[in-house]
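J.: The structure's right below; bear with me while I get my questions together.
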């Protein structure tokens, strides 16, 4: 081979990697370390408030700032076991796309809301709570309301709209809840709830479990939403009241992983695309037919400290599960409102909704590469879909240079 040929070949080769950096185990480990530092509510919301409806009920709400131009209020209802903070990243995204205000509520028995009978989670009771709260917040005139609900919150949103408890309701979006698949999954709900750890050593450990269990695939969402799902066993207050955490607590949590091998890679992590973080979740993902991985924990780590536990024992609400989802599809289709359904899988439709979708009675959107907590996994995409829907129906105006995309499956 001539020197000219060698020169040409060398010019086409990629640059060499500096010596000593190939195959180093510690550099690989550092790249796999994740930050589980919990996020604060005020990074996403302008205000939080405890609203007393009557002497028996006080609800925690979070609101974004008022829009620059007139726009609707997005009433956001979380799923079972979650809190209002599950909507944090979605609120940041949607308010940057359209002129609107987000109103997020800790429903009865969840988050920082306080009621006399927290065990009464019937659909009618939860819907009435929402209606009474809205009338308390807006005693003179209720603004245009567009309700969005996820999982159990989606079912309650349908009941709320069906009962016509407040005026000026302009539309509804239901996220990943369908009567047929939900009713089928109820049989395995108790098994799923028993598979979760009962206690956590720290808030970062709870966030780590959320991420590694594969229930949600966005680590940033988990950092905000998970503290709203657990309480301090000593003070019996929501974990958000312990934030921000001192540096020594964060450092200790960083070294005390609840997993035997903190550098192990789950199958989801290997198969997910770059930048696709695995994250948080909720108890009712089983009702959506999602497969979960139970992390391998050791007895010593799980029993070493019982500092935090779940805010709500969802297993006690079993008698209300059927009432949440029974007749949901027919009620949804019969609403005389613009309707939208977001799903994590096209296989989630039952027969009633399949027929209704073919008749054009609602708009459906399927978002790929996400789990049951669609709005946490893909907050930007969900915000795009809902913003586009509101703009097409002339309920809201676009902010900045947001482009309205046509719906698709």
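Backbone N, Cα and C atoms are what each Cβ position is placed from, and that goes for glycine too.
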J.: Which of these ranges is annotated region 'Disordered' in TrEMBL: 182-220, 221-259, 260-298?
T.: 260-298
J.: How does the model score the domain 'AB hydrolase-1' (74-385) in terms of mean pLDDT?
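T.: The answer is 87, the mean pLDDT of the model over that range.
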J.: If one measures from the C-alpha of residue 176 (active site) to the C-alpha of residue 372 (active site), what distance in angstrom results, rounded to a whole number?
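T.: Here the two Cα atoms are 7 Å apart.
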J.: Using the alpha carbons only, what distance in Å do you get between residue 151 (active site) and residue 372 (active site) once rounded?
T.: 8
J.: Tell me the Cβ neighbour count for residue 372 (active site), meaning other Cβ atoms within 10 Å of its Cβ, over all protein chains shown.
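T.: The Cβ of residue 372 (active site) has 27 Cβ neighbours within 10 Å.
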